[in-house]
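Per Swiss-Prot, shikimate binding site is recorded for SER19, ARG20, SER21, THR66, ASN91, ASP106, TYR223. The active site, proton acceptor feature in Swiss-Prot is assigned to LYS70. The feature NADP(+) binding site is assigned by Swiss-Prot to GLY129, ALA130, GLY131, GLY132, ALA133, PHE221, GLY242.
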Amino acid sequence: MITGRTALYGVVGHPVAHSRSPEMQNAAFAKLGVDAAYVALPVAPERIDEALRGAHALGFQGLNVTVPHKPRAASLCHALDPVATAVGAANTLRRTRDGWEGFNTDAPACRTLLEAAGVARGARALLVGAGGAARAAAWALLQLGTELRVAARREEAAAELCRDLAAAVPGADAATADFEDLEAEADAAAVVVNGTSVELPGHEGRLPPLRFRADQVVLDFVYGDTELARAARAGGARLVTGEQVLVRQGALAFTIWTGLPAPEADMARALEAREGAR
C-alpha cells in the first residue's frame, strides 16, 4: 500500500511504456519489505531538464534513465561515479540534497555478463550503435581487453565514441567499422553487441540480417524475442539477452538506492512473469 511515507522511484524515457523495470524493482522492494514504489515516467527529449528538476522537487529518491536520455542525464548531475564519467552517460540517479548523483550500472553489468560468456582478452568485438547503451558496452568491452570496432549509422558519432572511450580507458584499442558492411564486420568478430534501440517500441529501423556461429558471443540490449537474438540462437552463439542486462544493472541500481543486496532472482522472476502474461 502506498502511504505518505512511501519512497518514490521511477524510470524516465521516451518511450517508456514498454519498460519492465517497474515490475522488477517493485518485486525487489516487496521481497525485502522496503516501503517504496517505482513507476514509469514518459519524458520527451526536450523536457528532460525540467523533468529531472521536477522529480527532485517532488521528492523522488532515485531514478533509472533509459533511451534517449542517458548522456543528457549525466550532464545534469552535480556528481558522477567514475564509470559514468568515463562513459559519458548515466542510467541510475540517486537523490542528494543538492540534486542528482549519477551512476552507470549498464557498463559493469555488461562487463560481468560478457566475462561470464567467455569473452577473451584480445578478441575482436563489434559494437553496433553509439548512444548511451553503446557507450556502456564500449567501456565493458575495453575493460575486458577486446579489440573494439564501432559501427553506427552516423560515422561521426562512432568516431566520437571511440575518441572518448580511448581517452578514458588506458591502452584501449578502439576504431570505427563500416555500418554499410555490417554482415562482414559481424562475421569477422568474436563478440557482437547491439547497443542500438532498433526493435524497441516507437523506434524505426532494423539491422540487416546477421548470421552467427557457435564460437561467437552476442549481446543484445533490447529485450524480447528480437531478430538478433533469434539469429544468435539459430547459429548456436552464446547469447546474452536484454533481460539479463536489465536484471543485472537493475540489481546494481537497487543497491545504490537502498544499500541492500538486491534479490536478483526475484527480480528475474518478475520479468519472466510479465513475459508469460503477454
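Yeah, the Cβs are placed from backbone N, Cα and C, and that goes for glycine too.
Pairwise Cα distances among GLY129, ALA130, GLY131, GLY132, ALA133, PHE221, GLY242, the recorded NADP(+)-binding residues, top out at 17 Å. One way to see the shell of the shikimate site is to take the Cβ centroid of SER19, ARG20, SER21, THR66, ASN91, ASP106, TYR223; the remaining same-chain residues with a Cβ within 8 Å of it are VAL11, GLY13, ASN64, LEU246, GLN249, GLY250.
Using a 10 Å Cβ-Cβ cutoff, PHE221 (NADP(+) binding site) registers 29 neighbours. A separation of roughly 21 Å, to the nearest angstrom, links the Cα atoms of SER19 (shikimate binding site) and ALA130 (NADP(+) binding site). Counted within 10 Å of its Cβ, the other Cβ atoms near GLY131 (NADP(+) binding site) come to 19, all protein chains included. Listed in sequence order, the residues of the same chain lying 6 or more apart from GLY242 (NADP(+) binding site) and placing their CB within less than 8 Å of its CB are ASP220, PHE221, VAL222, TYR223, GLY224, THR226, ALA229. Ranked by how many other Cβ atoms sit within 10 Å of their Cβ, the recorded positions ARG20, LYS70 place ARG20 at the bottom.
For the binding-site residues ALA130, GLY132, ALA133, a Cα-Cα cutoff of 10 angstroms around ASN91 (shikimate binding site) retains GLY132, ALA133. In this structure, the CA atom of ALA130 (NADP(+) binding site) is 14 Å away from the CA atom of ASP106 (shikimate binding site). In the three-state DSSP scheme, SER19 (shikimate binding site) falls into the coil class.
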